[in-house]
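Among the features that TrEMBL reports, substrate binding site is placed at B:SER67, B:ASN117, B:GLU163, B:ASN170, B:TYR194, B:TYR246, B:VAL264.
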There are 4 protein chains.
Amino acid sequence: MSLRPDLDLIVQELADEMRRRPDRGEVATYIPELARVDPSAFGMVVIDGDGRVSAGGDSDMPFSIQSVSKVFTLTLALGKAGDRLWRRVGREPSGSPFNSIVQLEREHGVPRNPFINAGAIAVTDAIVSGHQPREALGEILRFMQFLADDDTITIDEAVAASEQRTGFRNAALANYMKSFGVIENPVDYTLGVYFHHCAIAMSCRQLAMAGRFLAHSGVQPSTGRSVVTAERARRINAIMLTCGHYDGSGDFAYRVGLPGKSGVGGGILAVAPGKASIAVWSPGLDASGNSHLGRIALEALVKRTGWSIFGV
Amino acid sequence: MSLRPDLDLIVQELADEMRRRPDRGEVATYIPELARVDPSAFGMVVIDGDGRVSAGGDSDMPFSIQSVSKVFTLTLALGKAGDRLWRRVGREPSGSPFNSIVQLEREHGVPRNPFINAGAIAVTDAIVSGHQPREALGEILRFMQFLADDDTITIDEAVAASEQRTGFRNAALANYMKSFGVIENPVDYTLGVYFHHCAIAMSCRQLAMAGRFLAHSGVQPSTGRSVVTAERARRINAIMLTCGHYDGSGDFAYRVGLPGKSGVGGGILAVAPGKASIAVWSPGLDASGNSHLGRIALEALVKRTGWSIFGV
Amino acid sequence: MSLRPDLDLIVQELADEMRRRPDRGEVATYIPELARVDPSAFGMVVIDGDGRVSAGGDSDMPFSIQSVSKVFTLTLALGKAGDRLWRRVGREPSGSPFNSIVQLEREHGVPRNPFINAGAIAVTDAIVSGHQPREALGEILRFMQFLADDDTITIDEAVAASEQRTGFRNAALANYMKSFGVIENPVDYTLGVYFHHCAIAMSCRQLAMAGRFLAHSGVQPSTGRSVVTAERARRINAIMLTCGHYDGSGDFAYRVGLPGKSGVGGGILAVAPGKASIAVWSPGLDASGNSHLGRIALEALVKRTGWSIFGV
Amino acid sequence: MSLRPDLDLIVQELADEMRRRPDRGEVATYIPELARVDPSAFGMVVIDGDGRVSAGGDSDMPFSIQSVSKVFTLTLALGKAGDRLWRRVGREPSGSPFNSIVQLEREHGVPRNPFINAGAIAVTDAIVSGHQPREALGEILRFMQFLADDDTITIDEAVAASEQRTGFRNAALANYMKSFGVIENPVDYTLGVYFHHCAIAMSCRQLAMAGRFLAHSGVQPSTGRSVVTAERARRINAIMLTCGHYDGSGDFAYRVGLPGKSGVGGGILAVAPGKASIAVWSPGLDASGNSHLGRIALEALVKRTGWSIFGV
């Protein structure tokens, strides 16, 4: 490991290696739009503190970011509600699958963290906060465009419509929380916004751009603008580390050693604090619902760069 | 925050501040030996990579390390069993209290991680591994003495006897795992070793000494001897971060931002990778069973030193 | 106990005794319509095999039958679907509160029995079965009117509207089952019918009339018409015995010894096979959500009549 | 169905029918003594109120009564402790498998009913109650011999030894309850007595003899001696009905309609209140751990006799 690793080379090598691997995991099939995605796709982008972009594979192909959006809605909601947000969502790992409702009963409707589905719905509700769904969704989308410095980012309406049509389990979670007063807006409003922000389509390049502030003390390095305080950036990273990969979060920390958030579309946003913002995408998922090759590529990247937050 | 913080000053200031605080949490009372400990005690020791020791408060007073011992038994067991250890214990946060048995039923006797009681008992069983309890316990104690470079470390037999006399819940966990074949030795053997290694008494100074290899890529800096590989040190740190504070692990990561392991005796071992090994002790516990002032002192230390693993 | 107990006397004595008792339980308050009910109300009606009606207290005052309706929707649904109904609902006691969602996760969306809320919603869905909600509801209401031989029975629309406005937990259950395919109709349809049949208002007299077929081998004694087969009547009674009082079913069997179904409005329908159909109403509930004085009155009735199914 | 069914004929026909059936369930294999039992065995004995014995099949072959013993230990414990027994064991159906520990955590160490393993261990503890295990066990055995009017009934020591050697899950349950103070004697004492009373060997004839008092208001018809009050007999029957077949209790009530208690050795004791005491034995078990052919034979017996407690 050199002090300044040749990131271009590493990323391209990794993209090549990943493309050759026979094991790819299973593409999500619960909606047709995800089921149709090419399982052989793989993209990776690393953006360091100087703004240098190292890209490999399908780095400009947009994909459904799904739960990766939850990092950004958490950031937005904390900006609006501050620490009051923690009254309606915890920040402990769940020890359960992403869509479990058991924990909600034990803890009286308060989801354990912002990254399981129930918690992300509660966070979305804090963004809706009395507004019309359209306005809340516009705010989320503009925030993503601002962070990625790219106005072309959009919502895949076909994905959103499919999610809404089949999202009975999320409707169960939302209604359950509503019965405890944890959801304040009409369930339909909050769910509508939730399904749509999960349907945002982005490329690895756009996603890595959007994640830069988390790697750099809350500041967008290209503009010097502060998105959040340094403390809040650290705290969001901490939540990503402990809760970002559902019931595979411990394993991701153990193997990769970076804060990260995965989505069922196969994307992962990872943060090397002080060093880089990283996005990787491969649609095949492992048993915990996280990108199989995405995790493997990140593990290899960290090994070659020495970026683990747990020591060199 | 300076590049080289004046650790002596910071640690002494923190010890003074902590002693003045009125909120101290609740001392564990389930055995008389712990219930008798002075709730106003507070000690802290930071040892940096050059071996400089910064100490404050009751830094040389021995206390019952309890679950902090689980970091070291995990290290030992990995040395013996290697990755085979993961067949009988997971490494995911539990989402449950430290002594819950519910998860064991759902996951067929395999505890979620090495730091909840069930997992630590399974790890102890891997150390016993066909030996007599006395031999296994001797090996654990010598390992602690070696790591701390201090032959005076001993087991508090009164604590061990009390634990054994009242440890029905741990006996339940062990028998339950035995019914699934996860415990291989006689339940009494494994429990005996477990209760005794939790009863090791150490001071903050000794504990911080023992933890140095985790901060320095697996190497004991004073002797240059490798205790574990750099990768294993990182991985143990990762497990400490995600699972080291029971059902308060997410909160500890969020507030403190360092890998750490707490014990019901009020001790916490924390690791600032590449920077320092830290031990803190204050007997009063918070609702999750972790040292109340210990956590607060670590949060303040990290704020003043900028040592969070999640960014400056 | 005489061979032919003087039911008129017993029922009137019981009504008097119950009215004098200071302990009345707690009236349900989750909707204003129930919260407003007079807690001192008490009514009881016993109809024997010869059609003699013994009435005491507020025996003609209508109340919200709530979950007592589930006995009749189960009867209707079995008539439509036969044993196929058991593919989507079990018949085991639940060991959980009436509105628990935990069990649904463990058993993949199949509720344990037709009398917990989830199970009753699944049963209602089998009645809706492709029809418009209005038609399904009309069928249920006409069935009640037929059984009670009383066309004046109606639905309390204010209760139904309140239930619908606040029924987020039932909406959670329904959506959850829908996600497993256990609910076939649109969730809104099924829930609408469910909330309305729970809002049927009946007096003890009407309710005891409606329950006669369960006491008499499936036959309505006054007309000689067979409502269900003798075997089905026995089986519905069996489910009432094991599941009819939520998580207080074991206690009801232990103390009273008759098949019975309670509702949160304070009504209980009980069946003495071969002897009598019994309805009792007192709005105050015990900790399990069953009528406090209703249960006590039934216990006393059985003691004086020797009607326990578990022996004289 | 005649008023006086020809029980001799019915029982012999049933024994013949059952022997010809190809479906026999699965014999328990967790200890070699049970695994060795001939799966084609079938026995049935019905004893009516006049003491007439109708026997069919292997009605005099002794088998391991296992959990059927829990009816008798409950009877004994109620005799000793009275209603104080209900402080440490509930009487609600469990909604869980017979050896689940999950419920114990939720309900602070108090088992839900006397017939799941945890509850039966707590009941056994009430019998031990300060005595030496040998004395307690002697009392239980003498009680069985008295009820069956047969001094030859013994404990199968090989079965008891096997249970004890492999009974880690029961040891987990007992230790868990001990941690909540629900078990008062040394865990080893209580477990020893428990394993031994489950290892009592009896034939259908002996078991049906022993159960007579439950069918006849607490009185042993042959001697006229009162074993328990009529009320207690009814209440024990009620608990058998709601909890006697583990997580198949609802189904047994639905299909058979008699109070009954099954054991993993393939025996079932059933009670037709006021009519008969019935024992049936066939070693093959269904998915809930209850005798497959035993349940089917009882269902047929009740159909032919009209003895269902839920109506003719």
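From the backbone N, Cα and C atoms, a Cβ is placed for every residue, glycine too.
Keep in mind that TrEMBL annotations are predicted by a computer and have not been checked by a curator.
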Quick one: among the binding-site residues B:TYR194, B:TYR246, which has the most Cβ atoms sitting within 10 Å of its own Cβ?
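That would be B:TYR194, with the most Cβ atoms nearby.
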DSSP three-state call for B:VAL264 (substrate binding site): helix, strand or coil?
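DSSP call for B:VAL264 (substrate binding site): coil, neither helix nor strand.
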Record lists B:SER67, B:ASN117, B:GLU163, B:ASN170, B:TYR194, B:TYR246, B:VAL264 as binding substrate; longest Cα-Cα distance in Å?
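Greatest Cα-Cα span of the listed binding residues: 19 Å.
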Other than its own, how many Cβ atoms are within 10 Å of the Cβ belonging to B:ASN170 (substrate binding site)?
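I count 24 other Cβ atoms within 10 Å of it.
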Given a separation of at least six residues and a C-beta threshold under 8 Å, show me what packs close to B:VAL264 (substrate binding site) in the same chain.
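Expected: B:ALA28, B:LEU34, B:GLN66, B:SER67, B:LEU285, B:GLY289.
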Who sits close to B:ASN117 (substrate binding site): which same-chain residues at least 6 apart have their Cβ under 8 Å from its Cβ?
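Correct list: B:PHE98, B:ASN99, B:ARG169, B:ASN170, B:LEU173.
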If you draw a 10 Å sphere around the Cβ of B:SER67 (substrate binding site), how many other Cβ atoms fall inside it, taking every protein chain shown into account?
24
Cβ-Cβ under 8 Å from B:GLU163 (substrate binding site), same chain, 6 or more residues apart: which ones?
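Set apart from B:GLU163 (substrate binding site) by at least 6 residues yet with Cβ under 8 Å, we have B:ILE31, B:ASN170, B:PHE195, B:CYS198, B:ALA199.
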